[in-house]
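A.B. asks: The Zn(2+) 1 binding site annotation in Swiss-Prot covers Cys1110, Cys1113, Cys1134, Cys1137, and the record cites sequence analysis as its basis. Annotation source Swiss-Prot lists N-acetylalanine at Ala2. Per Swiss-Prot, the feature phosphoserine maps to Ser270. Marked as repeat 'ANK 1' by Swiss-Prot: 217-247. According to Swiss-Prot, the repeat 'ANK 7' annotation covers 542-572. Look at Swiss-Prot and you will find 621-650 tagged as repeat 'ANK 9'. Taken from Swiss-Prot, the feature repeat 'ANK 11' applies to 687-716. Annotation comment: Swiss-Prot describes 724-753 as repeat 'ANK 12'. Marked as repeat 'ANK 13' by Swiss-Prot: 769-798. Taken from Swiss-Prot, the feature repeat 'ANK 14' covers 802-832. Taken from Swiss-Prot, the feature repeat 'ANK 15' covers 836-865. Annotation comment: Swiss-Prot describes 870-899 as repeat 'ANK 16'. Annotated repeat 'ANK 17' per Swiss-Prot: 905-934, in sequence order. The feature repeat 'ANK 18' is assigned by Swiss-Prot to 938-967. Look at Swiss-Prot and you will find 1005-1037 tagged as repeat 'ANK 20'. Under the heading zinc finger, Swiss-Prot lists 1104-1164, citing sequence analysis as support.
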Amino acid sequence: MAEEEVAKLEKHLMLLRQEYVKLQKKLAETEKRCTLLAAQANKENSNESFISRLLAIVAGLYEQEQYSDLKIKVGDRHISAHKFVLAARSDSWSLANLSSTEEIDLSDANPEVTMTMLRWIYTDELEFREDDVFLTELMKLANRFQLQLLRERCEKGVMSLVNVRNCIRFYQTAEELNASTLMNYCAEIIASHWDDLRKEDFSSLSAQLLYKMIKSKTEYPLHKAIKVEREDVVFLYLIEMDSQLPGKLNETDHNGDLALDLALSRRLESIATTLVSHKADVDMVDKNGWSLLHKGIQRGDLFASTFLIKNGALVNAATAGAQETPLHLVALYSPKKYSADVMSEMAQIAEALLQAGANPNMQDSKGRTPLHLSIMARNDCVFSQLLQCKQLDLELKDHEGSTALWLAVQYITVSSDQSVNPFEDLPVVNGTSFDENSFAARLIQRGSNTDAPDVMTGNCLLQRAAGAGNEAAALFLATSGAHANHRNKWGETPLHTACRHGLANLTAELLQQGANPNLQTEEALPVPKESPVLMSSADSIYLQTPLHMAIAYNHPDVVSVILEQKANALHATNNLQIIPDFSLKDSRDQTVLGLALWTGMHTIAAQLLGSGASINDTMSDGQTLLHMAIQRQDSKSALFLLEHQADINVRTQDGETALQLAIKHQLPLVVDAICTRGADMSVPDEKGNPPLWLALASNLEDIASTLVRHGCDATCWGPGPSGCLQTLLHRAVDENNESTACFLIRSGCDVNSPRQPGTNGEGEEEARDGQTPLHLAASWGLEETVQCLLEFGANVNAQDAEGRTPVHVAISNQHSVIIQLLISHPNIELSVRDRQGLTPFACAMTYKNNKAAEAILKRESGAAEQVDNKGRNFLHVAVQNSDIESVLFLISVQANVNSRVQDASKLTPLHLAVQAGSEIIVRNLLLAGAKVNELTKHRQTALHLAAQQDLPTICSVLLENGVDFAAVDENGNNALHLAVMHGRLNNIRALLTECTVDAEAFNLRGQSPLHILGQYGKENAAAIFDLFLECMPEYPLDKPDAEGNTVLLLAYMKGNANLCRAIVRSGVRLGVNNNQGVNIFNYQVATKQLLFRLLDMLSKEPPWCDGSNCYECTAKFGVTTRKHHCRHCGRLLCHKCSTKEIPIIKFDLNKPVRVCNICFDVLTLGGVS
């Protein structure tokens, strides 16, 4: 990309240069034309002007003999010239100067350049060439002969050719010729590309000019003079700045570079020496706190480093941040990154530093000495130089607590883990031992401490190497005098560390070196902060032996080493070896045998047992290894212990047996093994649950089957609710655990026994309810359990304390599937009654379980006709309860719809339906064939019964179905009589409008329905009366009953004012007497108020009464006693009783007419008593 950009820029510059040349040509032509125009300003024809003709003549004289008075030698040629032309161009060729001259010698100049100048002199034409040398020569020649215009044009031509590489040369030329335009242009390019200029670009400049240029272009001329390697310019600077020395020598430029450092980095010894001689500070530091010596070493500069050391630079100066001395920087050079020559130079620098008094024990910001760094960088040359230094302290530790030896022993590592291999390059693989030339061996030979315990943790180098998994280093240390029983902060020995990290070879070596295998840790090891490679539950345990460690961290090869060591130690003559003790326990009371089991090292566990480890040791909580294996759900370990004769009868502190634990933790193989070894399978737990129940309650049928197979009792009587005795089957059913119940049934448990009272009679209702498991299952709706019980011979007809069979219970709890299962049983007896006398069918009807009832009828067809203690069959009860579903069901199963209740009433279902007021049942009974005219014991039809109640719809239904509406009961009443008697207006309307019932019929008391109305009328009597007149306008209202009472008289005697008024409005006779001579006028009442109001409301003259006696005084009419009528009330009166006369305006009787005394009072006083 960078090259493409450069190419584009060069192309762009080329275009700009071409464009610039074009513009110059155009400018020259324009200037020429401008001159011509000015010369002939006032002439119309420019071609004929003197000036133009003169210029044309001069141009034509170029290289012509005509008028020539001068020769010019150009190279080997002599060119004809003209003095006046030359004099016109330059003062140096004035006529006075050329008066005696015959020839001008220009042979010293470039002929081509000279000819170009002469052509321009005559023709004012100049052809530019992109040749900077040619233009420069032409410009010098023009300057020589004071051809100012030509020089300016050459300047402009040269400016188009100026670039970064030649700008210095053109600048020098411009200064020589005093070409200010070109010089300024070059100065601008130099200023913009100052930092891009190379020392070669300044080589041709004189010291004075270069110094002048540098001063004008940069703030730091000394630094620039050194960069261009011009000692003469440096000298000029020192002379000029003598009064400000040495301060000026120690200034840093914009890049932070010191003048001395620039000189040294360029190996300018003469300049560097000059600077130092003028008091330049050799220990000056840059902005980063690095001295010149640091920087020289950093860039691998032997010349600069040795120069500074010789000139007294501080050899122990440390950098500002990392606190690294020059010796540190030298030590950091690695042969993996640098060539042998560079490494050799570094060794020379190190030697020079040490000879100059460098301190080899100084530590950087990380606490590392040059020795540390030389080991990390594997800088053998510097390492050797440091070892030869007598002041070297081998035991200094860095901030990580590492000595030089610790870093050296990691040289052999093959791990790629950065915590193990801190070196940046690939680890070196050179076997498993350190030769005598290794850093580590040389350090130990020099006297380095092989233990060097860490201050914080107390880990010695051997433990650190083992902890890092560097077994080769650890073996090297172990065989080089490291202490085998050193204990760190937590009481851990190197043997512990080796076992924890699985270093079998190191373990064997340490045991050979006398390491004690019975030492126990004092504290739990801390959990590593970083993501640990090795994590175990053992991280929080202490009091561990090395063997605990090996087992806990699952290193069987290490365990084998220790076991072999024990076997060998028993026969060894080496007193250094100590025999391991397998009975030691860690902080969790775990022996090595227990840990071997939990880590799955059963082969090792067997070897431990063979070596005398106890299999039945109990922990502080009373648990054996068998208990713990079961609780861990470690079947393999549990079986291992059982195979090696672990005690199965030992209980935990909570009283749990191994069998109970195995069931609780769902270990079928362990349960089988324990049962095989004769465990007691009837021992209950602390809650009284036997092992079989524990298994079934957890849905562990495989374990339960194992227990049963080994002879476990499936019935198992035990304590139940309220202290009664129950079997496991009772309990399973009571808890709705069908899978458990079915398992117990299939396992041969007792399926028929009910719960029993406790040994001392304990137990409440449950102990005496007599319910078998089948009763309980039917009650809870456990279909699978019921089916299983029936399959395995449960008594389907067993009765509980209430006499109920299972089918009774199933029906009462509405469990349809169970009902079908029970009814389908071949041995079912459906005639069994409970204490309430209910058969299963009766129970089904009681609970409206039609499906059950239908199923029972299929088995026993006569079940529906059974009657209760009141003589009612199921249809009767259903009708009385208005249970339409049951009625429809019974109708559907062909129940007798005309059967009568077996009691004194002898009512049919239709009678009961009417009494219940259920229209839909009435309709369905009629549809099913109920006889509509069946009579009760009082000879009443269903219509009679409906008429007495407010059941107009049922009346209509009965009428539609052909009921005998004329039928009368034992009192001679038809349905209309009874409807009127009970004031059933709607029923009366139905009877009067929907049939032709005789509304004038008399009952045995000689009363028609209207007489009944007058005698029994209620609040709606007037409405009933109006209905009669509406339906029968010609009804004989004055017709008396058997005792001579009219409707009005009966109503008046009953005080039914509304009915009386309705009757009076209909125009009846008012004064009719009954057989006892009583009428409304003489009937004894508390007040005549009603009578007066009835008379007052007469709007027309009523019909006259007839008779043989006066209605008022009862005098018999004869010849002397004539008949008269009261013209107001129509009564038959004698003369004495009708003496008063008065006009009756409301009857349109304007003349006085006869009225009775009562009517006179009414007419005069109004309807007021």
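Our numbering is plain: 1 for the first residue shown, then up by one each step along the chain.
Keep in mind that glycine also has a Cβ here, set from the backbone N, Cα and C atoms.
Burial and contacts for the listed features, if you can.
C.D. replies: The DSSP secondary structure for Cys1113 (Zn(2+) 1 binding site) is coil. Counting only same-chain residues at least 6 apart in sequence, those with a Cβ under 8 Å from the Cβ of Cys1113 (Zn(2+) 1 binding site) are Cys1134, Lys1136, Cys1137.
DSSP classifies Ala2 (N-acetylalanine) as helix under the three-state reduction.
The Cβ neighbour count for Ser270 (phosphoserine), using a 10 Å radius over every protein chain in view, is 10.
Averaged across the repeat 'ANK 1' (217-247), the predicted model reaches a pLDDT of 74.
Counting same-chain residues at least six beyond the ends of the repeat 'ANK 7' (542-572), those with a Cβ under 8 angstroms from any Cβ of the stretch are 490-491, 493, 495-496, 498-504, 507-508, 511, 515, 517-525, 534, 536, 578-582, 584-587, 590, 592, 595-596, 599-601, 603-604, 607-608, 611.
Long-range contacts of the repeat 'ANK 9' (621-650) within the same chain: residues 589, 593-594, 597-598, 600, 602, 605-606, 609, 615, 656-659, 661-662, 665-667, 669-670, 673-674, 677-679, each at least 6 residues beyond the stretch ends and with a Cβ under 8 Å from a Cβ of the stretch.
Here the repeat 'ANK 11' (687-716) is broken down by DSSP into helix, strand and coil counts: 16 helix, 0 strand, 14 coil.
As a summary of secondary structure, the repeat 'ANK 15' (836-865) carries 22 helix, 0 strand, 8 coil according to DSSP.
Note on the repeat 'ANK 17' (905-934): DSSP counts are 17 helix, 0 strand, 13 coil.
Panel annotation: around the repeat 'ANK 20' (1005-1037), residues 971-972, 976-977, 980-983, 985, 988-989, 992-993, 999, 1043, 1045-1051, 1054, 1056, 1058-1059, 1061-1063, 1066, 1068 of the same chain, lying at least six beyond its termini, place a Cβ under 8 Å from a Cβ of the stretch.
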A.B. asks: To the nearest whole angstrom, state the Cα distance for the pair Ser270 (phosphoserine) and Ala2 (N-acetylalanine).
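C.D. replies: Cα-Cα, rounded: 38 Å.
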A.B. asks: Round to a whole number and give the Cα-to-Cα distance in Å for the pair Cys1110 (Zn(2+) 1 binding site) and Ala2 (N-acetylalanine).
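C.D. replies: Computed Cα spacing between Cys1110 (Zn(2+) 1 binding site) and Ala2 (N-acetylalanine) is 154 Å.
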A.B. asks: For Ala2, Cys1110, Cys1134, Cys1137, listed as recorded positions, tell me which one has the smallest number of other Cβ atoms within 10 Å.
C.D. replies: Ala2
A.B. asks: Which sequence positions outside the repeat 'ANK 11' (687-716), separated from its termini by at least 6 residues, show Cβ-Cβ distances below 8 Å to it?
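C.D. replies: Residues 659-660, 662-664, 666, 668, 671-672, 675-676, 681, 727-729, 731-732, 737, 739-740, 743-744, 747-750.
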A.B. asks: Could you give the residue numbers and ranges of same-chain residues that sit at least 6 residues beyond the repeat 'ANK 17' (905-934) on either side and whose C-beta is under 8 angstroms from one of its C-beta atoms?
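C.D. replies: Beyond its ends, the repeat 'ANK 17' (905-934) has Cβ neighbours at 875-876, 879-882, 884, 887-888, 891, 897-899, 941-942, 945-946, 949, 951, 953-954, 957-958, 961-964, 967.
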A.B. asks: Using the Cβ center of Cys1110, Cys1113, Cys1134, Cys1137 as the Zn(2+) 1 site position, which other residues in that chain lie within 8 Å, going by their Cβ?
C.D. replies: Tyr1111, Glu1112, Thr1114, Ala1115, Leu1133, His1135, Lys1136, Ser1138
A.B. asks: Do any residues of this chain, six or more beyond the ends of the repeat 'ANK 16' (870-899), have a C-beta under 8 angstroms from a C-beta of it, and if so which?
C.D. replies: 841-842, 845, 848, 850, 853-854, 857, 864, 907-910, 912-913, 915-918, 920-921, 924-925, 928-931, 934
A.B. asks: Kindly assign Ser270 (phosphoserine) to one of the three DSSP-derived states: helix, strand or coil.
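C.D. replies: Once the DSSP labels are grouped into three classes, Ser270 (phosphoserine) ends up as helix.
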